[in-house]
């Protein structure tokens, strides 16, 4: 990684809010761009957070009147109008509608081969004309005038704060409810009974439990300026584009005009990868040159191989697993690129061609479960009548094997876990300790935190009550429905302990890099050792220990969005609670309906050719429940298993950030060393599988073009259009994706020609060991 320098001064218009020493007076005047201050910053020009040095008066003004993070300073307004109505009738109607629709659509598309993720940005855009329509047509009559119950259905023009709260509702529905994986695994893969009521308890408690962790760590992950949550800048930029009246620059476009053009282009273009030419999802051109070579197709396949040279010209392929590359700061993108190259093009090929763990007996890239001879493992044969492991049957069937790549991804997951803890202690330990002692000095509080002090904060006891009630409800459910859930009461408390321990270190990484290190591996590992042979207990423990933490981070991200947009915290809290409950109900209801209405859903052997209902993420979740829950880590990664050496990755992950820290101390002038974030680098492939090589290669290329090239050499364009473009691409894809499904997918109208294939590399998943008969009939026997 090369050091990044930017020697020129930065000139950027700022919006100035005046805050006096007592923080009681806030000026809501927004100066025109002509009266804006000129900043002289020391930005590194590479997309990473840039903190100004106080070398001049201008820099001092920058520190006092805006965020020290340059991307935030260029994007987030520093004004506030506390008199804008927020909890309005149209906010409740449009917010609930957006939450319900996004919950339904995201859960519906989640079971498909290329899951279409419809982000809250789509709702953010769609509700604008509806909001203005309601403001123009609904009566402005005041009801119960003069009483304490006085209210007005139409308090005035549709405003940005209402819009933000509607988007918070939409955010609740935009995220996938991870606990539904449990329902899918039990009902579809294990074919066991799990009632709707028990499923609902799991879904609601895991979703709402995150409020407890969010409340505990607000002070550390929302108020400090250094915790800037890059993804929020996409939505902030879009709010500005949709609500500000901007004068069109000469020979240029306003941000609204730019958004509309990009949206229409994205909408129109997606008909090609979404229907006409699905091969655009992964153009694996090496396979076309060598149609009979297994080696060439292993190297070149973007979906089943290493993806060398494979490119995806499909925004859903680019953004489906890693999020929008336009929202990722360049230093985080660079860390992911290095980690991806290290695992995909160094570790995996070496392990495979050196035949580590009989690698050639299995596909080079697979999440399947195999016997020692490369055949599909018969999982149902090793489960007894009590839904536990039948040890005698397992001894007869033989040990379970996985592809070497799959084993390496678990190893890198181990390393990511320990590196997260060590990295945060080394690089953020002093700051966290200072916050813990209450030593938040005024000079470290940016303008956004000062502006938010005029509003009543959410009392800690609100979060504490939600936390305690959810823990109590979870323990009751696990005890009362013990036969269905298998998890004992102490397992719930242990899972909560893990979630508390990792929310802060993982939150620091997420808030500064836009990437979230996964905690699922350690939760599976711990309960798998303590309580083996019970797959449902393992799944529940993972969801309570990992997903409740992840949900807490989602709440904190929304808190930061409200922080940037100056939404009263209590109002934010109310919208989040209602949105979360609505989303949980709709997600579960949709999943239940889809599982009952689609024949042979998730069964790739029984589904007709080309069927989209292959459930890639549910397959990975099910495989993990077999590895960690049914069979247990001791028989896979422990002293009784074939992959015990993978545990050394724990030690490697702990040492890696220490080496970076020592290098930073030895060469303090080399600022680029500090930007090596080992949890992000090691966690680069956390989404593989189900994510594939082409998802990463395309994402990295786009991230380089926007996060480095555009940010460094075309700063003014980046400032005005980068996040707006990201929102337009998301929205255009979502609307066309839904339209294609409603008009063509539901009627089973599809094209069948050469461009309909997703990859064109049928030999990529073939084993290369002598005499191995593949599970795929098209593979030759070598």
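Using the three backbone atoms N, Cα and C, a Cβ is placed for every residue, glycine included.
Among the features that TrEMBL reports, compositional bias 'Low complexity' is placed at 50-66.
Sequence annotations record features per position, and here TrEMBL assigns region 'Disordered' to 25-66.
If you look up TrEMBL, you'll see 91-111 (among others) marked as transmembrane segment.
Residues annotated as transmembrane segment in TrEMBL: 123-144 (among others). Proximity of distant same-chain residues to the transmembrane segment (123-144), defined by a Cβ-Cβ separation under 8 Å and at least 6 residues beyond the stretch ends, is recorded for 89-90, 93-94, 98, 101-102, 150-158, 162-163, 166-167, 170, 173-174, 235, 238-239, 242, 263, 727, 731.
The transmembrane segment feature in TrEMBL is assigned to 164-182 (among others). Within the chain carrying the transmembrane segment (164-182), a Cβ under 8 angstroms from the stretch's Cβ atoms is held by residues 86-87, 91, 94-96, 98-103, 106-107, 110, 117-120, 123-124, 127, 131, 194, 199, 202-203, 206-207, 235, 239, 536, 539-540, 543, 547, 550-551, 554, 558, 561-562, 565, 567, 571-572, 575-576, 578-580, 582-584, 586-588, 591, 617-618, 621, all 6 or more beyond its ends.
As annotated by TrEMBL, transmembrane segment applies to 194-214 (among others).
Feature annotation from TrEMBL assigns transmembrane segment to 258-277 (among others). Long-range neighbours of the transmembrane segment (258-277) within the same chain, counting only residues 6 or more positions beyond its ends whose Cβ lies under 8 Å from a Cβ of the stretch, are 125, 238, 241-242, 313-317, 720-721, 724-725, 727-729, 731-733, 735-737, 740, 744, 750-751, 755-756.
The annotation transmembrane segment is assigned in TrEMBL to 330-354 (among others).
Feature annotation from TrEMBL assigns transmembrane segment to 405-427 (among others).
According to TrEMBL, the feature transmembrane segment maps to 461-482 (among others).
The feature transmembrane segment is assigned by TrEMBL to 488-509 (among others). Long-range Cβ contacts of the transmembrane segment (488-509) within its own chain (Cβ-Cβ under 8 Å, at least 6 residues beyond either end) map to 209, 213, 216-217, 220-221, 227, 420-421, 423-425, 428, 432, 471, 474-475, 478-479, 482, 515-517, 519, 522-523, 526-527, 530-531, 537, 540-541, 544-546, 548-549, 552-553, 556, 677, 679-680.
The feature transmembrane segment is assigned by TrEMBL to 573-595 (among others). Through the fold, the transmembrane segment (573-595) approaches residues 87, 95-96, 99-100, 102-104, 106-108, 111, 165, 168-173, 175-177, 180, 183-184, 187-188, 196, 199-200, 203-204, 207-208, 211, 458, 462, 466, 555, 558, 601 of its own chain, all at least 6 residues removed from its boundaries and within a Cβ separation under 8 Å.
Residues or ranges marked as transmembrane segment by TrEMBL: 645-663 (among others). Nonlocal intrachain contacts for the transmembrane segment (645-663), taken as residues 6+ away from its ends with a CB within less than 8 angstroms of a stretch CB, comprise 407-408, 410-419, 421-423, 426-427, 637, 670, 673-674, 676, 678-679, 681-682.
Per TrEMBL, transmembrane segment is recorded for 723-749 (among others).
Distant neighbours of the transmembrane segment (194-214): 177-180, 182-183, 186-187, 463-464, 466-468, 470-471, 473-474, 477, 481, 484-485, 496, 499-500, 503, 540, 543-544, 547-556, 559, 576-577, 580-581, 583-585, 587-588, 592; these residues of the same chain sit at least 6 beyond its ends, with a Cβ under 8 Å from one of its Cβ atoms. Counting only same-chain residues 6+ beyond the ends of the transmembrane segment (723-749), those with a CB under 8 A from a CB of the stretch are 75, 105, 109, 116, 118-119, 121-122, 124-126, 233-238, 241, 255, 258-260, 262-271, 274-275, 315-316, 319, 324, 326-327, 612. Remote same-chain residues near the transmembrane segment (461-482) are listed as 198, 201-202, 205, 208-209, 211-216, 488-489, 491-493, 496, 540, 544, 573, 577 (criterion: CB distance under 8 Å, separation of at least six residues from the stretch ends). Within its own chain, the transmembrane segment (405-427) is flanked in space by residues 339, 343, 347-348, 351-352, 357, 364-367, 502, 504-506, 508-509, 517-522, 637, 643, 646-654, 656-658, 660-661, 674, 677-679, 682-683, 685-686, 688-689, which lie at least six positions past its ends and keep a Cβ under 8 Å from the stretch.
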